[in-house]
Amino acid sequence: MYQIGEALIGEGNEVAHIDLLIGDKNGPVGIAFANGMTQLSMGHTPLLAVVRPNLIPKPATLIVPKVTVKNMGQAAQIFGPAQAAVAKAVADAVEEGVVPKDLCEDVVIIVSVFIHPEAQDPTKIYKYNYGATKLALTRAMEKFPGVDKVTYEKDRGVHAIMGYKITRLWDAPYLQIAIDAPDLGVVERVLKNVPKNDHLIIEAGTPLIKRYGLSVISKIREIRKDAFIVADLKTLDTGNLEARMAADNLADAVVCSGLAPIATIEKFIEEARKVGIYSIIDTLNVENPAKLIAALKVKPDIVELHRGIDTESQSAEHAWGNIPEIKKAAGGKKLLVAVAGGVKVENVETALKGGADILVVGRSITNAKDIEGESRRFLQAMKKDEIDQYRIMTDF
């Protein structure tokens, strides 16, 4: 046996965070247990859990302090409420059948315990560590979480210390607001007025980047640190280099022109994948987007069907094309399709029914007197609830 469990319970300085291993005495957990008892580390001295002096729980449990113990007051918290809490949690877990009794002499447990240096309340330390240890042990025995649970939760939660969530594009449709005006004042005004929403993307447009460089991405990030930011470079050469530059400047996605050589596009996609950002192929002036995608050995994450600003005055039709055909050309890879040019509140439903995943809107929002109101009109037309808007949860 080699099982792993984790749990966080409580609040304030007494919060308990438990990392736990349970495994066979003659396996790696047993070896680690013996090493912990015989190879001591200053400030992190392992100790056996005891229900009370002279009474260890079964399975035998070793406590390892995560935070350096610097004085006798902190030592008393580990050798007092934390030690008792962990031991009692293990003993109760056996009594309740979480750990089968017939395993108790064959396995050992290692529990890594967090005690904040400013923790004060011994009752909270006990209660929180008891609950967290018992929960971590239960999760270890149940092999929680399963892969499906992790997949479901990974893009929903916010890490407590980080404090905000970096958006990934898994819950289409999305509204992408393109800021093309090469004016930092406009950028700031737009960013401060667009609503916070799980289905909103910010695009640093090509003219904006040409004036200020990719460092403008970092400026956008300063104002909206949790935003999903697209760098519209319209790369035509050195695809791998420009994709890496966008990632280094904190972009979440980067755009390559579909008019670039195939080799450039493929290097661009590979580099974007390597650095963990989305690759977007802009098909402005590409005659057959589906044919282009089919020709690529590696497929992008997003294809943008784009009618340019300069053709709007000519009453050109939008370039949305046959979206299902483009997705089919990806050969089974999950492909998002963005539509840009001619997107209005009135045709949002038509675009979505046609298969669009991302609606790119520029001046209709960025030039509006009521930026927030206009943004909300598009979001409402998309008829998409916020992620977990109606979910009431503790940890799950």
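Any Cβ shown, glycine's included, is placed from N, Cα and C.
Keep in mind it's a predicted model, so treat the numbers as computed, not measured.
Of the listed candidates (Q39, Q77, Q83), Swiss-Prot assigns Q83 to the same substrate site as D19, L48, K66, T68. In this structure, the CA atom of H17 (active site, proton donor) is 10 Å away from the CA atom of K66 (substrate binding site). In this structure, the recorded positions under consideration are H17, K66, and the one with the smallest number of other Cβ atoms within 10 Å of its Cβ is K66. Of all the binding-site residues listed here (T68, Q83), it is T68 whose C-beta has the fewest other C-beta atoms within 10 angstroms.
Across all of the region '3-hexulose-6-phosphate synthase' (162-396), the predicted model scores a mean pLDDT of 92.
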